[in-house]
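Here is what TrEMBL records for this protein:
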- 21-44: transmembrane segment (TRANSMEM)
- 56-79: transmembrane segment (TRANSMEM)
- 106-125: transmembrane segment (TRANSMEM)
- 131-150: transmembrane segment (TRANSMEM)
- 162-181: transmembrane segment (TRANSMEM)
- 187-204: transmembrane segment (TRANSMEM)
- 281-297: transmembrane segment (TRANSMEM)
- 303-324: transmembrane segment (TRANSMEM)
- 350-370: transmembrane segment (TRANSMEM)
- 376-394: transmembrane segment (TRANSMEM)
Amino acid sequence: MNRDRLWNERFMERLKELLRYGRYIFNDHLLIVLLFAVGGGAYYYKDWVATLDETFPTAGLFAVAFAILLTNGTVITFLKEADKIFLLPIETNLTSYFVRSYILTVLWRLSITFIVLLILIPIYLQTTGTGKALLVFSGLLVLLQFLNLYTRWKVDYDTDQASVTWDLTVRLLLNGLLVFFFINKRFALFAIVCIIFVIYAVYFRNKMKNSGLPWERLIVNEERRMAFFYRIANLFTDVPQLRNRIKRRKWADMFMKSRRWTPSSTYSFLFVRTFFRSGDYFGLFMRLTVIAALLIWGLNGSYIAFAIAILFIYLTGFQLISLWKHYDAVIWPDLYPVGEDTKKKAFLKIMLNILWTQNIIFTVSFITSFEFQRGLLLFLVLSGFCYAFLFLYCKKRIEKLD
């Protein structure tokens, strides 16, 4: 078997999969919203950076941000479940295959790291350093990325899951200290931590020197990586590869028991239970709501908070539209003695309740950081947007889906 051809085939297969779903994710609507969000954010970010001085904790910010980025991530291997059987006989001949995977992963992780660095450069130049120091810091990030992925690759050979948890904790601390000491120009301490990191990596290399390839661990890593991507893609289109997860949330029973359900509210009952229990609908709602509420609160009454609130309500509503098609592959709802109009009214009602809840949370977050009058204005603006989104856009969208 030609290992290079195998890697090329797997790479192209993965690339086609990403492009296939990527065109659904980055649709025209989302691109327009992102364009306005990035433009508005850059404008206010520039003004905010201009207010910073030497007292700003730049070293701490850089340490936290880059420690997380450098520590996170596993080698992209493209392995599949059947590989642990069919590729096992040639395990010792797959070195070139995994070297290419390692290099690809380093380049991918570095692209993310340098995007974050570009965003943080204005803060660094405003409060701490110069362009020359940034060049050295960029080189440090490259070396640390190579070292982190190499260490994680060796740790994955350990069958004990506790080793992975321990490794993430240790490397998170080491990466944070290295960045912190470098930004603060504490080069003696920086050198000591560097030596400790190298010793740590060498320790795992020697420990796993004679271990066989961790097929199960590597396959699980790939499945988790793609599951994460599929969950994002599933917010925009149906993804057959995604396995829906059902999770009982006992605390949500109060929403089911608080009203009397009748035959005419069949779909209302079904959609409410689905929202709380099935897939990632509730998790999506919570993540977007919490992130937006914190951003709105942190903007201290700025009108950019209005744009952020509208953006996140749009994202929530747009991505929850998939709830309408959730039971299309199940025959039993077709047997319900209720009409299609009843289903449509039930769906729009639960969507309205969800977006209305977000509206209230965003308004409260805004008022606690600024004033009641402008908060009331935000509430009215979001209320108008919710109704416009549901009855001008969402209603037509679900009609097209049918």
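Any Cβ shown, glycine's included, is placed from N, Cα and C.
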Sequence-remote contacts (6 or more beyond its ends) of the transmembrane segment (21-44), Cβ cut-off under 8 Å?
229-230, 232-233, 235-237, 239, 299, 302, 304, 307-308, 311, 314-315, 318
Should the transmembrane segment (350-370) and the transmembrane segment (131-150) be scored as in contact, given a threshold of at least 3 Cβ pairs under 8 Å and pairs 6 or more apart?
no
Among 56-79, 131-150, 162-181, 303-324, which stretch has the most Cβ pairs under 8 Å to the transmembrane segment (281-297)?
303-324
Counting only residues at least 6 beyond its ends, the same-chain positions whose CB falls under 8 A of a CB in the transmembrane segment (131-150) are 66, 70-71, 73-75, 102, 105-106, 109-110, 113-114, 117, 121, 124-125, 171, 175, 178-179, 182-183, 197-198, 201
